[in-house]
Amino acid sequence: MHSQRRSDTPMAAYQVNPDRSTKPVGIKKICCIGAGYVGGPTSAVIASKNPDIQVTVVDYNRERIEAWQTDDLPIYEPGLLEVVKFARDGNLTKRTPNLFFSTDVDRCIAEAELILLSVNTPTKSLGRGAGHASELSYLESAVRKIGEVAESNKIIVEKSTVPCRAADTLRDVLVATAKPGLHFEILSNPEFLAEGTAIRNLLNPDRILIGSLKTPRGLEAAQALAAVYGAWVDPDRIITINLYSSELAKLAANALLAQRISSVNALSAMCESVGADIDEVSYAIGLDKRIGSRMLKASVGFGGSCFRKDILSLAYIAESLHLFEVADYWRSIVDINEYQKDRFTRRIVRCLYNSLSGKTLAVFGFAYKKDTGDTRETAAITVIDNVLTEGANVRIYDPLVKETQIRHELKNTTARLDCAEKQLTVCESAYEACTGADAVIILTEWDEFSNQGEPVRRDSGHGRKTEERAGRKVDWARVAALMRRPMFVFDGRNIVDAGALEGLGFRVECIGKA
């Protein structure tokens with residue numbers, strides 16, 4: 001008896017042009033709404049791999065659009081500038097430019113056959129669900145604009161992270177606002193990018209997930225999007241599933257990744273109490289093939305725009321479905337993350353004789369992780385807020401994040417910033433930050449802060465001379481000569497060789513090590 005595939009099971013989507021001997025058919029113009037961390041890199045890679053498709057990124061922020069048209073891009077991502085220039089600027093002998101950036105939103109929407117929605121979906125700050133549910137006003141506004149200006153049928157793709165069944169909301173808005181007779185097919189195509197490796201993730205993805213309705217038009221739209229990705233992605237990695245499963249899969253992926261980080265951070269607290277080493281524990285459990293070694297690095301806590309927001313959204317969805325125990329489970333991941341940041345701060349205070357008043361702390365790193373300038377939800381905000389509250393003078397150095405961005409983040413989230421302005425300095429070098437300091441606090445795992453001797457990867461392509469900065473290594477002997485005694489290093493990322501620093505006279509405190 002032959003087995004039959006269920007109609008709703010995942011399957012390889014790219015069934016046309018399997019040998020890629022001809023160009024993808026159907027889509028000739030793509031419009032991406034939103035010129036941020038997702039829309040910009042995604043559009044650049046799509047354009048670079050599909051020279052016959054015109055890709056236009058639109059945004060109402062004129063300053064941001066103008067930055068995308070220069071070599072000083074508004075975001076930093078290793079390898080991004082090379083990809084952008086290849087598609088945006090073209091080649092005089094081989095290639096015509098097919099990547100554009102514009103503030104003419106109406107025209108670009110009207111001309112496009114396929115529209116990527118890459119707008120911000122932050123956590124709500126007002127009303128029902130504030131602090132938990134996703135704020136969809138930007139997404140709704142973008143879809144209203146599509147309905148108002150569209151003159152032809154469109155495929156609309158959710159790239160933004162959205163709650164389950166958001167596609168139904170978008171469809172309702174389009175039915176109410178669009179011209180009679182037009183048809184809009186909505187797809188879910190979540191991004192699974194990690195900042196710092198986004199270009200690598202786009203060029204060689206683990207999977208491309210496309211969610212659609214299982215209607216003839218829905219499947220046809222999924223095939224059209226699959227053909228775009230099929231220009232460079234192996235057909236077996238392009239998967240179609242149910243539209244709502246795709247929406248939930250993105251939230252679930254981020255929740256499970258964050259869960260691993262909170263799990264290892266919870267273990268790090270136990271390690272400090274029993275005399276174990278969290279790096280050794282992580283290595284031992286990571287050898288189990290069922291677990292694996294990735295995302296088991298203990299730290300001061302996770303950050304970034306996605307994990308906290310998506311977990312809270314998932315918990316809110318569970319709560320709205322009266323699954324209260326499920327909601328509590330997911331929220332506990334965020335609770336452990338906040339606990340880890342608070343625990344790290346308490347350790348700093350305890351080691352510095354239970355008082356930070358009048359003491360100077362050099363903070364190494366403000367970005368939420370290395371190889372990115374993104375500071376959203378960075379653990380540095382909480383730690384800096386805590387030590388400022390204790391009366392410390394704080395000097396911050398980050399090789400990529402600008403002073404204006406640092407102060408903007410702290411102003412938005414730090415209650416005492418106005419009265420603590422005189423306590424806060426943003427420095428141009430690690431040595432400036434360390435002069436006369438009592439302690440160094442490492443909050444971002446930039447390679448230049450490590451003393452373990454591994455070669456520093458050089459990534460070109462940013463207007464702030466990132467390559468030159470990335471090539472530097474902090475001279476810890478020089479740091480020691482600049483600091484007050486006793487000297488402390490609080491390593492919130494476990495990137496230093498503690499023994500080597502102790503040989504220079506430092507007292508070193510690491511995560512998950514007694």
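From the backbone N, Cα and C atoms, a Cβ is placed for every residue, glycine too.
Unlike curated entries, TrEMBL annotations are predicted automatically.
Listed in TrEMBL for this protein:
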- 34-39, Asp59, Arg64, 119-123, 160-161, Glu195, 306-309, Arg376: NAD(+) binding site (BINDING)
- Cys306: active site, nucleophile (ACT_SITE)
- 362-498: domain 'UDP-glucose/GDP-mannose dehydrogenase C-terminal' (DOMAIN)
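Close to the residue listed as 'active site, nucleophile' in the fold, though at least 6 residues off in sequence, lie Thr161, Asn254, each with a CB less than 8 Å from its CB. Secondary structure of the domain 'UDP-glucose/GDP-mannose dehydrogenase C-terminal' (362-498) per DSSP, as helix, strand and coil residue counts: 50 helix, 20 strand, 67 coil. All protein chains included, Tyr37 (NAD(+) binding site) registers 24 other Cβ atoms within 10 Å of its own Cβ. Glu195 (NAD(+) binding site) is surrounded by 24 other CB atoms, counting those within 10 A of its CB over all protein chains shown. If you draw a 10 Å sphere around the CB of Asp59 (NAD(+) binding site), it holds 23 other CB atoms from the protein chains shown.
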